[in-house]
Structure formats: structure tokens, C-alpha cells
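So the structure is just underneath, and the comments pick up after that.
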């Protein structure tokens, strides 16, 4: 039930982002009396989405300064991923370790054949093998569910909306009131849209990210057959991230943070609509309910 609801919610949220983008395009066309800008943004959006999607693994791994690892360097990580990928009938992803004590993990890649899973040094030291299995099951399901495509589209459209809103603000100020022709519309409406559209795009993008996390929690726990292992891991990761947070001033890390299993930055100042991840307490409660209901089918154990 949750899975179908979350899938529909993701589609509706992506649709909402395109509605915002079209509204900006309509406003720019009215303010400048030139509809060519709509086509320009559409082409740029498609190219940006394609580049981000095709190179998602390289961009994310590079941003975390991660290095590839062998079975000898990370035997537990390698063995768990090998077992789970075999149980899921999927190819083995490439494995990386990021040199930071902040406990976290993420998966990236445009499809299972070009996937990568990265753990930080901190998470490998913090979790026991059962908890690590829960985390890796979660990350593998992001790849199998094609979440990278969803997040790439959302990020690209959000970026285009921000750029388009800046252009709309300029057009509304300098181009909205020329002559006696009122076809350009009210410049105040354009200014209001220019200010609110990027905020709306960000809220929608973050809502999509939170929705995909819930799905990966559920599907990953079904793959491992152990929802409580992931619940225990999330509890430890939240505490570890508070003790060893990542740098919020590092833009590359910020751009990758939505891929991570938990918020890598300290504190809970950002709440509600502006969370990159669902509240850890909510995720743990769902996993505990899943365990009580007997959810999960043990795999590769």
C-alpha cells in the first residue's frame, strides 16, 4: 500500500515541478513577448537531466573523494553486497569508501549495470555486520528502483526553475511595462512568481527525496529480511552524524547529501518541508511496524 502511494506521490510531485516551470515560461513569454525562451529552457532542461543522469556515479563519487575498494580491503562490505545482489538477481555494483569519519552511505548510477555503492569509513567502524547489511540493502534498492533517474530529473528541473525565475525577475522589472500593450501581464505577478517558484521547486524536490527514502527502507528490509537491523543502524547513524557531521559549506557534499541514507549535517534546525530526509524517528517507527507485521523475506542469509 505504502509503495503504490509513494509511487503516485512521486509522479504527482514531478508533475508539479513541470507545472511550476511552465508557469515561469508562460510569464517570461508574456513579459518579453517572445515564446522562444520556453523552448530554450526545455532543451537546456533535457540536456542537463541527461548529463546528470549519465554521469551521476562519477559526480557523486568524486564529490566524496571516495576510492574503490577490493574484497581484501572491505571483506564484510563486499560479501554482503555480493550476497544481496545475487539474491535480487542483479549485477554486483562497484564498491567505494569515502575517507570521512561521518557515518553515512549512498548508492548511485544510472542503472544496475553501472551502479556504485559507497560507505564512509565512519559507518564501517560504527555499525555491526547485521546493521551494515540493513544499510546496504537500502542502498541497493535505490539503484534497483531507478531512484537515480527520479532524483536527476528533479534536480535538473529545480535548477532550471531557479535560472528561469531569475530571468523572469529581470523581465518583469525591465520588460513588463513597455508601451501601452498589456499583453505582457502584470509585472508584479511576474516578480511574485520569480520569488516563489524556486522555493516551490526546492520543497517539491525535497519531498521527492523523502518519498524515495521510505520506499528504499521498505524494499531494502524485504531484501534483507531484517527491518530492525536498518532501524538500529539509522539510530546509530543519526547519533554519529551529530558527533562527526559533514561540512555544510562544502557545496559538493551538499549536492550529494540527498543521496545519503541519513542527513549528514549536524542538528535538527531544518524541519518539515525543508528536510532532505524523513525524520529518523518516523523511519524507525515504520520499520518497527514492518517487523511486527512480519515484513521482509530473508535473502542471502
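Placement of Cβ uses the backbone N, Cα and C atoms for every residue, glycine included.
Residue ranges 188-208, 209-229, 230-250 are listed, and Swiss-Prot annotates 188-208 among them as transmembrane segment. Note: the Zn(2+) site is recorded as 138, 142, 213; in the same chain, 107, 139, 141, 147, 212, 215, 216, 217, 220, 261 also have Cβ atoms within 8 Å of that site's Cβ centroid. Residue 213 (Zn(2+) binding site) sits 9 Å from residue 139 (active site), counting Cα to Cα. In the three-state DSSP reading, residue 142 (Zn(2+) binding site) counts as helix. Residue 138 (Zn(2+) binding site): 27 other CB atoms within 10 A of its CB, across all protein chains.
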